[in-house]
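Down below is the structure, laid out as structure tokens.
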Ligand SMILES: O=C[C@H](O)COP(=O)(O)O
């Protein structure tokens, strides 16, 4: 992790925690981090609740001035109109979302989102002032056929197409085989792909964007393995699924990365 990029530890709740549970969770997370004297300058903490929780989370964080960022798990590529079930980036901006996850492997696999949809959603997020957390990653089959970097690099190339150099983005490398499997990539594997992804950002968006963009690793991250990832120069944080649903475990992930002095 380079010193000029503030690490981002992000919890993707997926379809877990209703709005009442979300309030209790965020309160407890804030207390736990405060008790541990978490320094917000040393690492940014973000949660990604379901859409129906966002208003409650926004209200709580604003009222208590909690040092926790938040975002949505998806966004429509459209601004408004007859798109039943879709949520516009404009709506998310009005709820003070900072981030939105785009192209998570579960959206790609279960909802048929291809690279062109991911690119359109990325553009919509940027248009509405949201920071897209662009997810890329290879399946086990891709890994065997093409090696670790080819598919994530190709996915990112399409997602970044048409973005300006000033676009504020986060990239999450999530090997599909590591998600929810308990079998995380090694820090070396994550670093190899993250370095390749940073080269793509440099090529398409320029040196400044490459230097400032945070690249996260995701896939079976826990408090027991976060330190290894955070020692890698091109890994700037984590997108955490299952382990982010346990307040103490998530807080340990956030705190542990601080202790490694990055
Ligand atoms: O968005 C998070 C990823 O899907 C990782 O999930 P996981 O930490 O449960 O493996």
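Counting begins at 1 with the first residue displayed.
Cβ from N, Cα, C; glycine included.
On a predicted model such as this, the values are computed, not experimentally measured, just so you know.
According to TrEMBL, the feature active site, electrophile maps to 104. In the three-state DSSP classification, residue 104 (active site, electrophile) falls within coil. In sequence order, 12, 73, 74, 135, 174 make up the list of same-chain residues 6 or more apart from residue 104 (active site, electrophile) whose Cβ falls under 8 Å from its Cβ.
The active site, proton acceptor annotation in TrEMBL covers 174. In the three-state DSSP assignment, the secondary structure recorded for residue 174 (active site, proton acceptor) is coil.
Taken from TrEMBL, the feature substrate binding site applies to 12, 13, 14, 180, 220, 241, 242. Note: residue 242 (substrate binding site) has non-local neighbours 180, 220, i.e. same-chain residues 6+ apart with C-beta under 8 A of its own C-beta.
Counting only same-chain residues at least 6 apart in sequence, those with a Cβ under 8 Å from the Cβ of residue 13 (substrate binding site) are 22, 47, 48, 49, 50, 53, 73, 244, 245. Among the binding-site residues listed (13, 14, 180), 180 have a CB atom closer than 6 Å to some atom of ligand 1, in sequence order. Note on residue 220 (substrate binding site): other Cβ atoms within 10 Å of its Cβ, all shown chains, come to 21. Under the three-state DSSP scheme, residue 242 (substrate binding site) falls in the helix class.
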